[in-house]
Amino acid sequence: MEGRGPYRIYDPGGSTPLGEVSAAFERLVEENTRLKGKMQGIKMLGELLEESQMEASRLRQKAEELVKDSELSPPTSAPSLVSFDDLAELTGQDTKVQVHPATSTAATTTATATTGNSMEKPEPASKSPSNGASSDFEVVPTEEQNSPETGSHPTNMMDLGPPPPEDSNLKLHLQRLETTLSVCAEEPDHSQLFTHLGRMALEFNRLASKVHKNEQRTSILQTLCEQLRQENEALKAKLDKGLEQRDLAAERLREENTELKKLLMNSSCKEGLCGQPSSPKPEGAGKKGVAGQQQASVMASKVPEAGAFGAAEKKVKLLEQQRMELLEVNKQWDQHFRSMKQQYEQKITELRQKLVDLQKQVTELEAEREQKQRDFDRKLLLAKSKIEMEETDKEQLTAEAKELRQKVRYLQDQLSPLTRQREYQEKEIQRLNKALEEALSIQASPSSPPAAFGSPEGVGGHLRKQELVTQNELLKQQVKIFEEDFQRERSDRERMNEEKEELKKQVEKLQAQVTLTNAQLKTLKEEEKAKEALKQQKRKAKASGERYHMEPHPEHVCGAYPYAYPPMPAMVPHHAYKDWSQIRYPPPPVPMEHPPPHPNSRLFHLPEYTWRPPCAGIRNQSSQVMDPPPDRPAEPESADNDCDGPQ
C-alpha cells in the first residue's frame, strides 16, 4: 500500500500480523484447557487419597477387633486340642491359622496410595519416624513371610523420595511469565513484540515440561494406588478365608466336645449299670478304678495342654508385636498423609491462582482482539465508502467525457459547413476579382474618338459605360460585403479554434483525472482483496478454535479522512458562443435542422442558435453522434485518440 496512492490506512495495532496474534491466542487457550485437565486430575487424586484414608481406618478397626477377639478367646481343653489335630488329619488342611503380619497390615498396604510398591518386612527395632516429606515405610508382604520366627530382614523397596520440590521452580517460571507479559503490555515499541512472544513461548514450554513431570508423577502414584488397592482386596479375601476356617474349626471343636461328653456320659452309665449287681466292694474298687482312669486321662491331657498354651502365648505375643508395629506404621502414614495433603492443597491453591491469572490474561487478549477487529471493520467500511465515492466520481467523469466528445463532434459538424461556405466565398471573391480586373482593363483602354451627337453608336456606348459603372459600384459593394463576411468568419474560426483548444485542455485534464481515479480504484481493489484474504484466514482460524461473534457496525464511525483528495478542476460554464448571434450568413440552398446538444450537460450551456448544415450527410453524422453505442469507460489511449481526431 505504501507509495502507491494517497489512501493509506493507519493501523493502530502495530506491525504484528493478525495471524501470529491469533496463533498465540490459540496457544494460550490450549494451555488453559491443559491446566484445567491437570486440575481435574489433582482433584481426582485428592478424592483417591480420601478414599484410601477411609479404607485404612476401616481396616484398622477390623484389625483391632481381631486382636480383641484373639485376646478374649479362652484356651481350649486337651481333648478339644486332640480333636482339633484329628480334624486336621481328617480334612487334610492346616487348621493352625496363623494371623501373620500380612493380614494385620492390610490397612497399610491400601493406605499408602502415594508410595507405590514400597514393600518391606517389619523391623521393629530399626524403625525411623517419618518426617512428613518422605513417603517410604515398611509393609509386610504375604508371599515372603513363611513363619513368625524366620527373621525380619529387609527386601526390595522402591523409594519414591520426597514429593516433587518443583513448586519453587514453577513459581519462578510463573513470575518470569508475569514479568514478560507486563513488559509486553507496557512496551511502547511494537517491533519488540516478537521477542517478548518468544520469551513467553519459552516460559510456556518450561511450564509445560514441569507440568508434564507432575503428570507423570501423579500417573505413577495412581498406578501405585491401584496396585495397593488390589493388594488390599487380596488381603481382605485372605483374611475372610482365615476367619471362615477359624469359625469352621471352632464349630468342629464344639461338635467333638459334645460327642466326647456324650461318650463320657454313656461310659459312666454303662459302668454304673455293670456295677449294680456286684457287691459293694467291687463297687468301691470300680469307683477307684474310674477315678484312677480319670486322673490318668487328666495327667495325660495336661502335657499337650501345656504345649498348646505356650504356642498360644507365643501367638499372642506375636500378634501384640504386630499390633504395635501396625499402630506405629499407621501413625507414620497419618503424618505422611497430612503433610502430603497440605502440600497438595497448597499446590491446588497455587494452580487456582495461576488459572485465575491466565483467565484474566485471556480476557484481556480477547478484549484487545475484539478492539482490533472493530478497528479493522471500521477501516473496511471506510475503504468501501471511499471506493464507492471513487466509483461515483469515475461515473461522473466518464459522463462528462462523453458529453465533451459529443460536443466536439457537434462542433466538428458545425465547422464542416462553415469550411464549405468559406471555400464558396473564396471562389466567389476570385470570380469577382477577375470581373473587376476586366472592368478596370476596359476603363483603361483608349477611348475611341467621340462620335457625333445623336448617332446610335454614341448612345449605345454611353449606356454601356453607365452599366459598367453601376456594375463596378455593385461589385465594389459586394467585395466589401464579402470582405466583412470573410473577416467575421475568420474571427469566428479563430474563436472556435481557441474554444477547441480549451476543450482539448479540459478533455486532457478529465482524462488525467480518470487515469488517476482508475489507479486509485485499482489500488483500493487490491487492498480490499488482501483484506478479504486476511478475513478468510481469520475465519478458518476461528472455525478451528473458539468462535467469535462480530458486532455489526452499520454506521460510519470514523472521522474525517486525514489525507486530502486531489483537487477537482472547477467546471465553469463557457459563454463563448454569445457573440454568434451577430453573424449573418446567406441562406444555404438546403435548410435543415440539427438536433440540439445534450440538455443535462452541466459543463456547457450553448446558445440557442439555428444551425443549418447544407447537406443531408451531416444530419446522419450528427444523429450517429447524438446516439452513440454504449461503450465501456474511456481508457487514456482512447481519450487521446478522440481528442486528436478533430483537426
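Using N, Cα and C of the backbone, Cβ positions are placed for all residues, glycine too.
As annotated by Swiss-Prot, coiled coil applies to 39-72 (among others). The predicted model assigns the coiled coil (39-72) a mean pLDDT of 76.
Residues or ranges marked as compositional bias 'Basic and acidic residues' in Swiss-Prot: 61-71.
Under the heading phosphoserine, Swiss-Prot lists SER77 (among others).
Look at Swiss-Prot and you will find 95-425 tagged as region 'Interaction with Nef'.
According to Swiss-Prot, the compositional bias 'Low complexity' annotation covers 102-115.
What Swiss-Prot records for 143-155 is compositional bias 'Polar residues'.
The coiled coil annotation in Swiss-Prot covers 209-270 (among others).
Here Swiss-Prot flags SER297 (among others) as phosphoserine, drawing on similarity to another entry.
Residues or ranges marked as coiled coil by Swiss-Prot on the basis of sequence analysis: 311-551 (among others).
Annotation comment: Swiss-Prot describes SER416 (among others) as phosphoserine. SER416 (phosphoserine) falls within a helical segment according to DSSP. Other C-beta atoms found within 10 angstroms of the C-beta of SER416 (phosphoserine) number 16, with every protein chain shown included.
Feature annotation from Swiss-Prot assigns phosphoserine to SER455 (among others).
Annotation source Swiss-Prot lists phosphotyrosine at TYR565.
Feature annotation from Swiss-Prot assigns compositional bias 'Acidic residues' to 637-647.
Residues or ranges marked as phosphoserine by Swiss-Prot: SER638 (among others).
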